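J.: The structure is given below, and queries will be raised subsequently.
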Amino acid sequence: MGNEFERKQRIAVVGGGPGGYDAAIAGAQLGGDVTLVEQVGVGGSAVLTDVVPSKTLIAVAEATNAIGEAADLGVQFFSRSETTGRPVRPEVAVNLTAVNKRLLGLARQQSEDMRASLIRAGVKIVQGHGRLDGPDSVIVSTAAGPDGTDFDQIDADTIVVSVGASPRILSSAVPDGERIFTWTQLYSLTAIPEHLIVVGSGVTGAEFASAYTALGSKVTLISSRDQVLPGEDADAAAVIENVFKRNGMTVLSKSRADSVERTADGVVATLSDGTTVEGSHCLMAVGSIPNTKGIGLESAGVQLSESGHIRVNRVARTSAPNIYAAGDCTTFLPLASVASMQGRTAMFHAMGDAVNPTELRNVASNIFTQPQIATVGWTQRQIEEGIAQGDIYKLPLSSNPRAKMMGIKDGFVKLFARTGSGTVIGGVVVAPNASELIFPIALAVEHRLTVDQVSRAFTVYPSLSGSISDAARAMHIVL
Ligand SMILES: Cc1cc2nc3c(=O)[nH]c(=O)nc-3n(C[C@H](O)[C@H](O)[C@H](O)COP(=O)(O)OP(=O)(O)OC[C@H]3O[C@@H](n4cnc5c(N)ncnc54)[C@H](O)[C@@H]3O)c2cc1C
């Protein structure tokens, strides 16, 4: 009979989004006996309702924009009128039913691919709702056919909780999935909304407002702050707000929507100053709440923050020594990339492998508006407040030859380098493909490269990345 040290470590993972998925894969790779509990579908909200569908929709919006802007480059679209034989300018029309069918199909496929990878890695998948029964056990309620609910118990040496978050619902603006939506419901739309009111100008609100403007909706963005994207780089937010307005979006700053109600053929939002905004549809993008209620966390010894997020350290460990947590249900950054990293780190720590504690400062993130905003490292605000000592250099893309060729009108590269040493400590890129351009800056931040080391690497001429090198060159520290 084997002793305790010979048996595999039993790992239970609750939630199959990026956090749970990566934890499960890493746990199996390191030799654990892994069971993953998921109540909806592998891939989680990230794949089924959030990242994959929204970024696919945004890719369509980018294609629509590219067609619209091609005229600036001298590209002309004509077809011939059947009656007069004269050239007519065709209109760009988006078939939203086809777009949504495709993006939901992509999401389903991605979920199935991830499920297959888990099975290949030897992970057992249990479909159902999981809750902790003390620190060493997970109870799963599964809908067991027509007779109702069945229960499964998973005993575990290590538990990873990665249950994600759900859209915050205001009682005065309850989504009905027909006229008033959360972002998870938007993909049931079959036609481009005539006038979409977006409540909330954080990342999700700004991304959808940007996309639906490009797709052809009239959009009104209701923002409680004086600038969209509060908390982001102020120059970047100013560029985006400017582009939004230039493209015809109405941005209502310092406006709070007290309620949103249905009318006979649309919606009406009532602002706190009593004014009303009428539209055909409304997207509520007012944040998320963690799915941590009622799943036995507190009684298992897991501490939560006031907002209900699980407190974790940099190796994703909670206050209970054998319980880890990853992703949007934790006090870390709500990003799929961070969730995955936390999931892997948790397993490496639990299984005694080499661990690199997650450094939030080095997380690169991107806002998929048009243009995009990508950031990494310390922020300008932190430098200006004296929290970090750094020099700031901003280079508008208007001086970049490739940007001119491509007809790029807006955007910039901004670098932050430690005063004295020139070590790159952060940066911002506002450009059509900023999500790709931020990587060299993220590498510099992660590996503490100086501006001189960055500028010594070749960039292609002409290229947008040339502006990163140009900014680094301009920050050269004369010895
Ligand atoms: C519109 C939108 C766009 C976004 N775009 C990006 C982006 O471009 N890039 C990026 O990095 N991030 C993006 N995010 C954030 C990203 O979606 C989240 O950070 C990511 O989903 C977090 O992963 P997770 O594993 O913590 O949770 P989730 O993906 O939410 O997965 C949690 C899973 O747990 C399951 N679950 C919950 N409770 C239980 C339970 N009790 N038992 C069993 N299963 C349970 C759920 O069904 C779900 O499948 C976006 C978010 C939104 C809202």
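The backbone N, Cα and C atoms fix where each Cβ goes, and this holds for glycine too.
Note that TrEMBL annotation is computational and uncurated.
For reference, TrEMBL lists these features for the protein:
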type: BINDING; residues: LYS55, GLY130, ASP328; note: FAD binding site
type: BINDING; residues: GLY200, SER201, GLY202, VAL203, THR204, GLY205, ALA206, GLU207, GLY287; note: NAD(+) binding site
type: DOMAIN; residues: 10-343; note: domain 'FAD/NAD(P)-binding'
type: DOMAIN; residues: 364-471; note: domain 'Pyridine nucleotide-disulphide oxidoreductase dimerisation'
J.: Over all shown protein chains, what is the count of other CB atoms within 10 A of the CB belonging to GLY202 (NAD(+) binding site)?
T.: 19
J.: Select, from GLY200, GLY202, ALA206, GLY287, each of the binding-site residues with a Cβ positioned under 6 A from at least one atom of ligand 1; if none does, say none.
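T.: Among GLY200, GLY202, ALA206, GLY287, near ligand 1: none.
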J.: What is the separation, in Å, between the Cα atoms of GLY200 (NAD(+) binding site) and GLY130 (FAD binding site)?
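T.: GLY130 (FAD binding site) has its Cα 32 Å from the Cα of GLY200 (NAD(+) binding site).
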J.: If you compare CA-to-CA distances from ALA206 (NAD(+) binding site) to each of the binding-site residues LYS55, GLY130, ASP328, which comes out shortest?
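T.: For ALA206 (NAD(+) binding site), the spatially nearest of the binding-site residues is LYS55.
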J.: To the nearest whole angstrom, what is the C-alpha distance linking GLY287 (NAD(+) binding site) and ASP328 (FAD binding site)?
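T.: Cα to Cα, GLY287 (NAD(+) binding site) and ASP328 (FAD binding site) are separated by 12 Å.
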J.: Applying a 10 Å Cβ distance cut-off over all chains shown, what neighbour count does LYS55 (FAD binding site) have?
T.: 16
J.: Give the three-state DSSP assignment (helix, strand or coil) for GLY130 (FAD binding site).
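T.: For GLY130 (FAD binding site) - judged by DSSP and reduced to three states - the answer is strand.
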J.: Cα-Cα, whole number of Å: ASP328 (FAD binding site) versus THR204 (NAD(+) binding site)?
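T.: About 15 Å separates the two Cα atoms.
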